[in-house]
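A.B. asks: Take a look at the following structure, please.
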Amino acid sequence: MDRTRLIVTMTALAALPRAETAQQGSGDRASAPQIIPRKPMMDRYRWLGLAIGVALADQWAKHWIAGTFPLGAGETVLPFFNLVHILNSGAAFSFLANAGGWQRYVLIALALAVSVGLTIMLLKGVANRWEGWGYSLLLGGAVGNLVDRLGRGAVVDYLDFHAGGWHWPAFNLADTALCLSALILLLGTLPSSAQSKAPT
């Protein structure tokens with residue numbers, strides 16, 4: 001009996017270090033820092049592709065307008081909406097259009113800086129869909145108007161809304177994308193309850 005008890009005791013003592021080591025190992029795993037995976041490359045390219053699509057659509061529309069209507073001409077589409085062909089040397093909605101010419105170089109430099117910065121941000125990955133949509137539309141709109149300023153010296157505007165003889169300054173698809181981007185990024189700053197309804 002004593003011999004059996006001795007064998008059981010020795011076996012229990014031999015098992016103690018193993019149990020302690022196993023507990024330490026599991027503790028190490030629990031306390032190890034979690035590695036947050038980077039956004040998939042395809043997801044980052046999706047937002048960049050959206051920006052390229054906006055810029056291409058804007059350029060196609062401007063090319064069609066320039067080839068369809070002489071400069072300064074247009075056509076009534078609806079009682080409150082015309083398609084027109086106007087050159088705007090300023091920013092969106094003709095802001096700074098009569099500034100004297102210096103605005104072209106300032107706007108080109110600004111658009112270049114914004115385009116490079118946004119491209120880098122989109123390739124690194126965005127935090128959520130609000131940022132993805134907002135930055136993509138902002139980049140597409142900036143590039144769309146930048147191409148005009150570099151190639152034509154001014155931006156082609158073609159959307160003319162009016163009511164009661166009052167006309168809103170003509171604008172284009174790139175301007176629309178810029179305004180939408182500002183709205184989306186603003187909505188993205190609202191509390192998380194609103195962010196849960198982010199666009200997909």
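Residue numbers in this text run from 1 along the chain shown.
Glycine is no exception: its Cβ is also placed from the backbone N, Cα and C atoms.
Whatever TrEMBL says is automated annotation, not expert-curated.
Straight from TrEMBL, here's the annotation block:
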type     : residues : note
TRANSMEM : 45-65    : transmembrane segment
TRANSMEM : 77-96    : transmembrane segment
TRANSMEM : 102-123  : transmembrane segment
ACT_SITE : D157     : active site
TRANSMEM : 167-187  : transmembrane segment
ACT_SITE : D175     : active site
A.B. asks: Tell me, if you would, which residue among D157, D175 (active-site residues) has the fewest other CB atoms within 10 Å in the structure shown?
C.D. replies: D175
A.B. asks: For D175 (active site) and D157 (active site), determine the Cα separation and express it in whole Å.
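C.D. replies: Distance (Cα to Cα, whole Å): 9 Å.
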A.B. asks: Where does D157 (active site) sit in the DSSP three-state scheme?
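C.D. replies: Reduced to three states, the DSSP call for D157 (active site) is strand.
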